[in-house]
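Student: Got a structure for you, questions after.
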Amino acid sequence: MSVHTTDAKPDSEVDRLLDGLNPQQRQAVVHEGSPLLIVAGAGSGKTTVLARRIAYLIAARSVGVSQILAITFTNKAAAEMRERVARLVGDHTGPSMWVSTFHSTCVRILRNQASLIGGLNSNFSIYDVDDSRSLLQMIGQDMGLDIKRYSPRLMANAISNLKNELIDAESAVANLSSDTDDLARTVATVYGEYQRRLRTANALDFDDLIGETVGILQAFPQIAEHYRRRFRHVLVDEYQDTNHAQYVLVRELVGHGARNSPDDMPPGELCVVGDADQSIYAFRGSTISNIEDFERDYPDTTTILLEQNYRSTQNILSAANSVIARNFGRRDKRLWTDAGKGELIVGYVSDNEHDEAKFIADEIDALVGGGEITYDDVAVLYRANNLSRSLEEVFIPTGIPYKVVGGFCFYESKEIRDLIAYLRVLDNPGDAVSMRRILNTPRRGIGDRAEACVSVYAENTGTSFADALQAVAEGKVPMLNTRSVKAIAGFVALLDDLRCRVDDDLGELVESVLERSGYLRELESSTDPQELARLDNLNELVSFAHEFSTEQANAAALAKSLHTPEDEDVPDTGALAAFLEKVSLMSDTDQIPENNSGVVTLMTLHAAKGLEFPVVFVTGWEDGMLPHMRTLGDPTELSEERRLAYVGITRARQRLYLSRAITRSSWGQPILNPESRFLREIPPELIDWRRSILTDSYSTPASGASRFGRVRPSSIRSGASKRALLVLAPGDRVTHDKYGLGRVEEVSGVGESAISLIDFGSSGRIKLMHNHAPVTKL
């Protein structure tokens, strides 16, 4: 492969790349040689540093753009990185410089190396979570499994966990032993069948994209060497969020510890950026030890700390520093800014979640009405998706425009998934999940029995579902009645006709699918208002397809005008395959409204990672909510919850609101929650409490509440001598005035001498006498 280098720029241009950087940022940009770990605190300018480092490689060190691989965690971050680099060095990087997510990077490698994986070719489909679950549903039914006990969701999560650890189906079976439980045995069996059907469908799931790429690099040294020679500079953003498979992928691409290397080529330059204090995706398989142990894995590492914050005021940063400092074993790091203290954090204790939502709505109205901000300056963050309901119930009648990020996505709607399934079948006829989805959509007289017969025929003859349909159309499957055969023959002819149009403009192809399949006609003939909304969504997809075709053509023309060589590591799969790939790799963060959208953003704390807003409301500061109830007994999980609180606080630029509800509905019942232990960790002088005592409606004196509004109802807290004897049992949920929320583990004794061992999370496991402890049963 030819390597295209860029002539070094004059010193003045190089100096421009370093303008405005603080000493630590400058050191990170110009570093050469040894692996580089940039520990970048929230808002410390890591994106600026990464973009400047890439530009510096090109302009000052004459590194060819094709020798650079930059990996991000979201499409949005990748697009921003490309734009920043283009502004710094000119828009001549073309397709040769890879700036993309882990999954997109691996797709590009796999498209070119698919022939090395048995049963796969370069136009493979990418199964998302719903596709995987649909396939697992089929497998479960065919294997006669109890779907309630072994649900597709459970099986998908278990298989995903194995793949993230690079454990293949054969190894999962080999690892079984005599004392292995039924679930693990079932997972191993289903895993093998799942992989077999994926190959038959010429498909990979999300986890396969990483795992199969690692497999190729490890099994074929010459391929690994090819990519190591190409990518002499590898940069990885958000390294604290990598899982084991991604960790191994990076090592293979760089060449550290490479096995079977054909020669002694030195490893590539590796630069990773991350912050262990913002590691919040353990539930997705991320491994915080990847960044914590980086200096051990790469002994000659240079480590640079970025602690100067360019986003938030000092009051906000001081609150964040105080919370995260309680995590044990972390790298000492304190964020600071020279932007001044700023306004105090606003605290609010509400009676319930509806009062909390009304307070937030009133504050937003006041700020917008006063001309201080616009709606798109505001984000409301919460620990769990269900907390958006009360906000929406208040925002709608109030007239506050909003968008829920991570809620129901455009690409998850039935009509869009139906149309995408048609397109996927045209691109990859072996995609059985998509084929079976559209077989009778819209209704064309192919019932469940006919579909089952086709499936059985495919299984018995060892052919794909598509080949089985063709056999039916040719009259080779006698078990079907004439009506079903005719309907299936018509469906096969429809696909053949549409397949002749795949080289048309993508927007025109989508229109052809809608019209010729009868899908559009069925919706237009309906009087259901919901069907009209589906039409609007389909019109939007048609527009997007036209735009995508135009963008593809413009990009090709630009590359040609700049004489940018085509990237030989990326085969031209055509506009349809590129479009399907883009849709498949969409993530929640791609739904985030633009800055000028004119809407308030509602999202979970997890989804807010990497974002910032002038005004941020973080709701639900209660033990049981933040931290979440299920984490209270596990110090490791509680540490991650504290990191989540830290992430929420550091999203705010100028104004930060922290609110909690005294009672919050759960399963239709009001639940009394104490204030979050994290809230108690913020210095009181940083918070301006707009409301911190109970309303008269609770009939509780003000002296019965702490500065955070902790409830001490007279009916419960009127003194041990006057209250009913507390009766507890293992598993009961309690709150203690000092230790917060906990769960009862053991109870000994009876009556007034009863003693409970209670797990209070980070406060420890404590024995308390029922008759004297300030404990309330929830």
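Numbers run from 1 along the shown chain.
Note that Cβ sites are derived from N, Cα and C of the backbone, with glycine treated the same way.
Quick paste of what Swiss-Prot says about this protein:
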type	residues	note
DOMAIN	19-313	domain 'UvrD-like helicase ATP-binding'
BINDING	Gly43, Ser44, Gly45, Lys46, Thr47, Thr48, Arg311	ATP binding site
DOMAIN	314-610	domain 'UvrD-like helicase C-terminal'
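Describe the structural surroundings of these features, if you would.
Tutor: All protein chains shown were included, and the count of other CB atoms within 10 Å of the CB of Thr47 (ATP binding site) stands at 17.
Across the domain 'UvrD-like helicase C-terminal' (314-610), the prediction's mean pLDDT works out to 89.
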Student: What residues, ordered by sequence, lie under 8 A Cβ-to-Cβ from Ser44 (ATP binding site) and sit at least six positions away in the same chain?
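Tutor: Residues satisfying the criterion: Leu306, Glu307, Gln308, Asn309, Tyr310, Leu335.
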Student: Just to be sure I understand the packing, how many Cβ atoms besides its own are within 10 Å of the Cβ of Thr48 (ATP binding site)?
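Tutor: Other Cβ atoms found within 10 Å: 16.
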Student: Can you count the other CB atoms that lie within 10 A of the CB of Lys46 (ATP binding site)?
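Tutor: 22, counting other Cβ atoms within 10 Å of Lys46 (ATP binding site).
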Student: Looking only at Cβ atoms, how many others are within 10 Å of the one on Gly43 (ATP binding site)?
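Tutor: Total other Cβ atoms inside 10 Å, all chains included: 22.
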Student: If you pair up every Cα among Gly43, Ser44, Gly45, Lys46, Thr47, Thr48, Arg311, the residues annotated as binding ATP, what's the maximum separation in angstrom, rounded to an integer?
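Tutor: Farthest Cα pair among residues binding ATP: 13 Å.
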